[in-house]
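**Q** Before I ask anything, let me first share the structure, which is written out below as structure tokens.
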Amino acid sequence: MTSTFNPRECKLSKQEGQNYGFFLRIEKDTEGHLVRVVEKCSPAEKAGLQDGDRVLRINGVFVDKEEHMQVVDLVRKSGNSVTLLVLDGDSYEKAVKTRVDLKELGQSQKEQGLSDNILSPVMNGGVQTWTQPRLCYLVKEGGSYGFSLKTVQGKKGVYMTDITPQGVAMRAGVLADDHLIEVNGENVEDASHEEVVEKVKKSGSRVMFLLVDKETDKRHVEQKIQFKRETASLKLLPHQPRIVEMKKGSNGYGFYLRAGSEQKGQIIKDIDSGSPAEEAGLKNNDLVVAVNGESVETLDHDSVVEMIRKGGDQTSLLVVDKETDNMYRLAHFSPFLYYQSQELPNGSVKEAPAPTPTSLEVSSPPDTTEEVDHKPKLCRLAKGENGYGFHLNAIRGLPGSFIKEVQKGGPADLAGLEDEDVIIEVNGVNVLDEPYEKVVDRIQSSGKNVTLLVCGKKAYDYFQAKKIPIVSSLADPLDTPPDSKEGIVVESNHDSHMAKERAHSTASHSSSNSEDTEM
């Protein structure tokens, strides 16, 4: 049976900074990891990749049934060359329909044994193991989580032990000897046993762990590889965001979008009976996380409405209900990470943006004044006649951009910006690792308004020392627009396309030590 199918081996090579020139994605109601949008004359086209191909193996690793983010990560880690084993779309669908073992295609028996168990989850001697960090959400039952914490002589960190059979921890996916990386979004790799126990106690009746299993932890220590929290598996979480796709009806989509009061962000309200919104599964009080694949977590009400309208006669929303939102906030993860794990363009094999949760439910009350004071700030600026009224500065050779020379009474001053504030996000996009010029361009391209997440120098140093991700949810929410209580109907007779004005005139100068642009 397998001899009737002919997979192709495609070897792609690119230059540093170049893209492979294709998209790797998954699609609704379509099986497999699909190759899409193969660019003309790109490394992908030259290697023989075609639109609709399904990726079976990456560098010999069988990936057909693995999570999309893991497949993306394998390509990303391949550097400037990667070998893909692919099957054309028609053959793939026939193979699936006739239940052909896709692992056997294009592989000798010897090759099959090399690396099929690299990706997670796999069964190893009856025990499930993983090769990436994973989030586990525990809700206490009968006053117990069903686990204990231990330290191991000669090893740094705290580990899971005494897992109660069929207890809360086991059902949540916790394994014996798991290395505990985070408690409620806070890194605890350098914390003592007593400190970790105290954090878990303070968490109350629910807690979120970021864990890695024993074997994976051992490999990372031996290879001196640091875990990236944004690669964490969300598979074990009991509540997940929902992707809602709608086509506009004669009376619009049939819902109101309202700025939340208790809940930060934009909330779905007053869904019309029988409307496209109701039929697509949208629910009252859903929080909008993304519109047509773009995060809207830090955008204001009018901007989100405009993004929906720009979608024309159809739109795709990533939404969460209150329970799911609270769970993700506890982990300091954005629900947008779920969208990225489902479908991520990978022609450029780009890094996933740093998580930017919409809001944060504090898992334990701060017990010191120091913790209360350490907050980032969300600042919304409206451009004046002379720009935004601040200079953007960066130290050559060092990451990060920061605020200088805030003009008294200017837009930046009125929005709460201060000298030495470090810029974390521009319009919801994390820019900490972006070059100075790109940060400048993002601000200038924002038109007449820009939303910045910034952090004072002392607070920034504190978060860095504690390994706490700086996210918008830690900041106080922006003021709710005065008309938000009335709601805005997203419907067909409002389809204006507001062109964003790009600022062309900026005063700038540079020296041997810094680069400085007036906004």
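We count from 1, first residue shown onward.
In case you wondered, yes, glycine gets a Cβ from its N, Cα and C as well.
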**Q** Looking at phosphoserine as annotated by Swiss-Prot, pick the matching residue from Ser148, Ser233, Ser295.
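**A** In Swiss-Prot, Ser148 carries the phosphoserine label; others show none in the record.
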**Q** Compare 9-90, 134-215, 378-458 by their Cβ pairs under 8 Å to the domain 'PDZ 3' (243-323) and return the stretch that comes out on top.
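**A** Answer, by Cβ pair count: 378-458.
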**Q** Over all shown protein chains, what is the count of other CB atoms within 10 A of the CB belonging to Ser334 (phosphoserine)?
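**A** By my count, 27.
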**Q** Ser192, Ser250: which of these modified residues has the sparsest Cβ neighbourhood within 10 Å?
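**A** With the modified residues Ser192, Ser250, fewest surrounding Cβ atoms within 10 Å: Ser250.
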**Q** If you count Cβ atoms within 10 Å of each one, which of the modified residues Ser148, Thr451 comes out on top?
**A** Thr451
**Q** Work through the modified residues one by one (Ser148, Ser250, Ser334) and name whichever has its CA nearest to the CA of Thr451 (phosphothreonine).
**A** Ser334
**Q** Between the Cα atoms of Ser148 (phosphoserine) and Ser192 (phosphoserine), find the distance and write it as a whole number of Å.
**A** 15
**Q** Return only the integer: C-alpha distance in Å from Ser250 (phosphoserine) to Ser192 (phosphoserine).
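**A** Rounded to the nearest whole number, the Cα-Cα distance is 61 Å.
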**Q** Round to a whole number and give the Cα-to-Cα distance in Å for the pair Ser334 (phosphoserine) and Ser192 (phosphoserine).
**A** 28
